[in-house]
Amino acid sequence: MAIGVALYTLFGGLVLQRLEKKPANLTSVKGIAKRTIEYDEYYKHQNHPWTFTDSLLFTFTIITTIGYGYVAPQTFWGRLFCIFYAFLGIPLTVIALADLGKFISELMDGSEEKAKRAFRSQRKNKNHLYSKITANSETHGSETVKLKDPDNIEHEDVDKSKKPKKSAAQQETERQNKRAIQFSFLFVIYLILGAEVISYYEPDMDFFKAFYFNFVTLTSIGLGDVYPRNNTFLIITIAYISIGLALCTIAFEIATTYLRKLHYFGRKIEKVGDVAIWFGGKKLTMKQLIKNLAEQFNLPVATIKGLDIDKFVEDVIKVENGELDTLRTNPIGPEHVHIELEPFADEDEHGELKWSFRIKFREA
């Protein structure tokens, strides 16, 4: 998808370069140009022809909805092409940025998992070394100071069995909070590093101006008072903006989640049965989903009709938050379950019979 957007941007740049043979139109910002040094300098050269880099940057700012505005099509055909180009390009770019954001998120998850595995491996090796030292001390009968496992010093007096187990909802909340902190930190670092690099090759940007440019661009504000001018490093700037927009998309999604929680905080749950859930482009309401789920397990119709879905969802939330143990009216423990082994024969890939056992559970 990212390659498709890149080719689409190149295509738009080539077409607009052919359509806009007249000088670039800067009159829409003439008033601003009189008040800023950047536009005063650029306005002196407003009669230069529309170059490919102008077209490339312009098409990129269209499909990403940044829209600096200091260059715009002047001909009828250029403006008409711009309308259709944006109509197709903006959804394509939104999908590509979402895919890129998902890839970055999965990459971060994978890196975090690798770091955890490396930590567990190091801890395992440390525990193994501790066991060998202890075993050698006991074997030789030497008087040695009793060593303590450094990983267990803080937990030696804690009974792990008494620790309350976190519910799935609590674990998900902790994961979201950690992810929000990670992405906020990553986004700030990305802005700072980008400002350092861009200020190096952009002649009119110091560090703060580059940081300001990055923030205004990556948040799709696109004021246009500061813009990239170095055509040699334009591809690097576009690549930086593309990755930054994906990061910003994830950050906005996280912020939206927290705002939604704040919006519904303390509100009474009602009309849950009419809530729509989308499954791969197909919509089902909660009422339809529960009804078909009950039919799958052959539950009586009267039971389903008498179900208060709003109360049911409230109780589910309490279970996931650890406020309730279960929704079972008569919880079944191990003493109420019989385990049976049922033998059966099956053929392997060579056609030979092999006997196995199937485990069956039934209530006592």
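Every residue gets a Cβ built from N, Cα and C, even glycine.
What TrEMBL records for this protein:
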- 44-105: domain 'Potassium channel' (DOMAIN)
- 52-70: transmembrane segment (TRANSMEM)
- 76-98: transmembrane segment (TRANSMEM)
- 153-173: region 'Disordered' (REGION)
- 180-201: transmembrane segment (TRANSMEM)
- 186-260: domain 'Potassium channel' (DOMAIN)
- 233-259: transmembrane segment (TRANSMEM)
Find the member of 76-98, 180-201, 233-259 that has more C-beta pairs under 8 Å to the transmembrane segment (52-70) than any other listed stretch. 76-98
List, by number or range, the same-chain residues at least 6 past the transmembrane segment (233-259) whose CB is under 8 A from its CB atoms? 2, 9, 53, 56-57, 60, 64, 66, 97-98, 100-101, 104-105, 176, 179-180, 183-184, 186-187, 190-191, 194, 197-198, 201-202, 214, 217-220
Go through the chain and flag residues at least 6 beyond the ends of the transmembrane segment (76-98) whose CB is under 8 A from any CB in it; none is fine as an answer. 1-2, 4-5, 8-9, 12, 15-16, 19-20, 59, 62-65, 242, 245-246, 249
Across the domain 'Potassium channel' (44-105), what does the mean pLDDT come to, as a whole number? 85
